[in-house]
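J.: If you look up TrEMBL, you'll see 20-149 marked as domain 'RDD'. If you look up TrEMBL, you'll see 33-51, 58-80, 112-136 marked as transmembrane segment.
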Amino acid sequence: MIVPEQVITGEGVVVDIAPAPLPTRMGSAVIDYAVYFLGLSFSLRLLYTAVNQSTVSAAVLATSVALMLAFWLIFMPWLVEVLSRGRSLGRLVMGLRIVRDDGGPAHPYQSFVRAICAPFEVLFTTGIVAVVVMLFSKRSKRVGDILAGTYAAQEDNIITSPPVLIMPPELRYWARGADIRELPTHLSLSAYTFLQRASSLDLRHRASLGQALADQVSGLVSPPPPPHTHPERLLAAVLVERRDREYFLNLQRERRHQQQQSAAAQLPYGLGTL
């Protein structure tokens, strides 16, 4: 049974994602390649008709066939995956999506690596290489996934609960000793929302927004974070530390309240409780 595992994103967010089991991935691949081979056979039929109506050299014919193979078996899978953000017809039917190792959407270059590797591990070896590698892979990864840093996740488990922030390990001791003033509500909410959505943002916008939020937060912290601290790691560290401190303060308040109630219920002179 495949169960969701906790994936820690680069910005310090934990997301529960269930990797797709091998049979589901195989079913998805069968559907996808059935469509691609249907398109390939139609293209080859058109090429055959064109060749019969004209004189074409063997070199031109071989080049045309090679281009058609590359188009339907490499370019089309890559294009579909990029435009659909990790989906395809087969994955849509089976409820799958290709994601990065940190749970975010795959980049186009990662999809290209997967598309390049697919013919060699899936088609030329009749799927044996892909199946063997997936059997011994923790997340049912094929070779293309390993090289690209991706895997197939079950669509309904990509986001099963609100992401939970965790403390970046390298900032734990700094955060514990830092004087962190109370964050304004709008700043705290903006920082948390940013970390939740960071993996889906444009890289340039993500960097600029993260730096702007980190600059505001660092002004409320003393001493400053270690040099070269990534803005997103800083935001996660401050939010987690504030959350933990407020949690323990609330626990202390509850304990004091319970002690006061218990003391008030005691009868004088050790006679027992009310």
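The backbone N, Cα and C atoms fix where each Cβ goes, and this holds for glycine too.
Those TrEMBL annotations? Automatic predictions, nothing curated.
How about a rundown of where these features are and what they're close to?
T.: Beyond its flanks by at least six residues, the transmembrane segment (58-80) meets 32, 36-37, 39-40, 43-44, 47, 51, 87-89, 108, 111-112, 114-116, 118-119, 123 of its own chain at Cβ-Cβ distances under 8 Å.
With a threshold of 8 Å between CB atoms, the same-chain residues lying at least 6 positions outside the transmembrane segment (112-136) that come near it are 22, 25-26, 29, 33, 73-75, 77-78, 81, 98, 106, 142-148, 150.
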J.: Pop the mean pLDDT for the domain 'RDD' (20-149) in here, whole number is fine.
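T.: On average, pLDDT over the domain 'RDD' (20-149) sits at 90.
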